[in-house]
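> Can you keep this structure in mind? I'll have questions shortly.
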Amino acid sequence: MRKWIAAALAAAVIVSPVPAHAAEEPVGRYIVTFRDGAPDLLTGRLLRQFRSFPGYLTEMTAAQARRVAADPSVRHVEVDRKVALTGTQKNPTWGLDRIDQRSRSLSHGYRPSADGDSVHAYVIDTGIRTSHRQFGGRAESGYDFVDGDVDADDCDGHGTHVAGTIGGSSYGVAKKAKLVAVRVLNCDGEGWISDIIDGIDWVTANAELPAVANMSLGGGYSPALDWAVENSIAAGITYVVAAGNEDSDARMSSPADVPAAVTVAATDSRDRRASFSNYGKGVDLFAPGVGIRSSVATSDTATAKYSGTSMAAPHVAGAAALILDAHPSYTPAQVQAKLIANATKGKVTDRAGTPDRLLYVPAPPKAPVIATGQTPQAAVGVPYSTRLSLAAARRGSWKLDSGRLPAGLSLSGSGVISGTPEVPGRYTATVRFTDYVPQAVTKRVVIPVVADLPVIRTEVLPDLISEVAFEQRFELADSRDGVWTLASGELPAGLSLSTDGLLSGLSAGQPGASYTFTIRFTDVWNQVAVRTYTLTAR
């Protein structure tokens, strides 16, 4: 690919011979795409190279375009025409709550299956008013291909409306998704196909996965535009595209005709295909698209009601973000299949041969359950690692909720408690797991940390004097809890050993007699120390 681009640039000064009278022909903008392994070829004035496929934008006459198209190395030549938004007529509004239930009887609520916080949504449109309060700092500029700079601000409002439906805090399907503006349409909602291709190529090169791209735009058939979308999907980005607003077969326009993209038609609040919506077997889903309220670009708080397949597509893009939030490794094909599998069947009327599938966002799964029982015992100075587990696998993160872990240990977001314990003891902590919905669950864990084996420090005992009170406390080399017992042998008559290590009493031992016995200390971790003593009476 890089080799081809370099060769094409080197050939930029080569111009095909043109008859003298051709100089009077009008010059137009053409997109030329090549087959794999194409030879160096350039006719007219080079305007731009495309990155995702072998092709370029050039200015030439219609006669030159016909000659270029006849070359066997050329895949396609098409006019670089302007593309418009897929509809923004302002109609009465309704809400989000249709897509999270099977029935048309609305519940006046919306509870999504996730929040999309791990997903980037790329809005290939008129830009986004990133400062709008609906976005809460989650929207950013990617690139502006209309003005050729990094400020993709919205001077039309369409892109901001689309972004609000994808991820606005009030009107969005995926309320925590990260929104990225890729501006390819001007303040009148129009743009060159070549600029749109550049926008797609930018997303392909710069997208942070998992990612979804929304294209609420389109027009006639453009093989170059379709090719760019196909290459971007092959790079792992899910594309959601509007079916169009011409009340015709969606397969007649680009990029709605791309099978690997999720093509979306519009319904009204009665579950009827919107009168303007395109249709046909190439449509994957219907989604609400009439009278949709969302953010607009006139101020940081402005909203408006728009209608069109432009409004239906971002509902599906938001739903795709929810799927990717729960399953970040899903391919675009898996996301598309999941959207179709989740769809509500048998509800849409006046479909005109379109598959009867209405967007559905499932309810959240049941709260997660922490399966970890007793955590393993740890030991001072010994590397330790244990993984907390759930009853069923689910994406989310762990953290310490309350209490404390042993000094030297820490809990990772993936649920691993690890480190090297420093201080013995019995430590109690409450851990919290929060899934992608988000739903949280907590559990109390206990980690006992043992020291080295206990050592009895008391070496010898004083002599025992008959009929005189005797008292001796056994000591350890460190301070730890445990129980003292007589392991073997017999104590002199009148003496006893308490569980806290005190040997005491009034001895009745005979002078000159010797008594040998073994003392056992058992700590709270069932580690044992023993020592044998001889006590002489006098």
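Cβ coordinates come from backbone N, Cα and C, glycine included.
Annotation comment: TrEMBL describes Asp125, His158, Ser310 as active site, charge relay system. Marked as domain 'Peptidase S8/S53' by TrEMBL: 123-347. Look at TrEMBL and you will find 1-22 tagged as signal peptide.
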> What is the number of other Cβ atoms found within 10 Å of the Cβ of His158 (active site, charge relay system)?
26
> Hey, how far is His158 (active site, charge relay system) from Asp125 (active site, charge relay system), Cα to Cα, in Å?
7
> Looking only at C-alpha atoms, tell me how far Asp125 (active site, charge relay system) is from Ser310 (active site, charge relay system), rounded to the nearest Å.
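Asp125 (active site, charge relay system) and Ser310 (active site, charge relay system) have their Cα atoms 10 Å apart.
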> Give me the count of other Cβ atoms within 10 A of the Cβ belonging to Asp125 (active site, charge relay system).
31
> Tell me the Cβ neighbour count for Ser310 (active site, charge relay system), meaning other Cβ atoms within 10 Å of its Cβ, over all protein chains shown.
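Result for Ser310 (active site, charge relay system): 31 neighbouring Cβ atoms inside 10 Å.
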> Averaging the per-residue pLDDT over the domain 'Peptidase S8/S53' (123-347), what integer do you get?
96
> According to DSSP, folded down to helix, strand and coil, what is Ser310 (active site, charge relay system)?
helix
